[in-house]
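> To start, I am sharing the structure in question, which I have written as structure tokens.
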Amino acid sequence: MLNLRCALRSAALLRAPAAAAAQSGALPSSGLQRHAGLATGPQQKQSTFYELRTYNIRPDQTTAFLKLTNEKIHLRTAHSELLGYWNVEYGALNQVFHIWKYDSYSQRAGVRAAVAQDPSWVSDFLSKAIPMLTSQDNAVAYLVPWCTLRRPPQEGGVFELVSFRMRPGGPAVWGHSFQAALTSHDASGYGKLLGAFHNEYGQLNTVHALWWFENADKRAELRQKAHNDARVVAAVRESVAHLDSQTARLMYACPFSPMK
């Protein structure tokens, strides 16, 4: 199950070791070597990964799809762990997003084989749901090394999924500044960071941040405050030097979502 604590370090502490090394001449002040300690290798020694799935639904079938999923999702969760299932409100239309947890690739392969042979799932859900969809997409992602998953502080509220497409090079190049940008928001109370994920399959050099807010208006208020916080502005300015593009989706948890 979810670890309820997120090991977030302050941006200042994170910069200190690299800055000290650069000043002493042990490391250059820029580029690959300075951030080599944040390469994905240490994290990926852990076999647990997360499948991020996005379904686009026919506009006239959204209500029916959500109703069917609410009634039949238990047939799917009997096979593997669902972390969250959301209906996208802003940033995309007629779209749902969900996260599944797997302990290994062999476990996922076994789950997919079992699901395909589950007559109840195939007849009661799959055969009815597939015609309602226009497309499906998935990505395999690992948690970034400095973060574990958290639950929202209370049920309700809204979730925001922000996806960043970073320039090639990986966390060894941009990991430090990306971490500083996210932790500056979280530590200052400009949102509750629930998890940060780095794609292994799917669009590469992509990182996702999952946030929670009390409501959409509170999110807008906190975002405006963050724009006027010099600490946040400085951290974000460093991170965007490595950024190609980003997208954001504001989402509401479905009634059957474990995370809500």
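Glycine is treated like the rest: Cβ placed from N, Cα and C.
Not measured: the values here are computed from a predicted model.
From TrEMBL, for reference:
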type: SIGNAL; residues: 1-22; note: signal peptide
type: DOMAIN; residues: 50-147; note: domain 'NIPSNAP'
type: DOMAIN; residues: 159-258; note: domain 'NIPSNAP'
> Restricting to the domain 'NIPSNAP' (159-258), what is the model's mean pLDDT?
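Here the predicted model's pLDDT, averaged over the domain 'NIPSNAP' (159-258), is 96.
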> Helix, strand, coil residue numbers for the domain 'NIPSNAP' (159-258) per DSSP?
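DSSP composition of the domain 'NIPSNAP' (159-258): 40 helix, 37 strand, 23 coil.
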> Can you break down the domain 'NIPSNAP' (50-147) into helix, strand and coil residue counts using DSSP?
45 helix, 37 strand, 16 coil
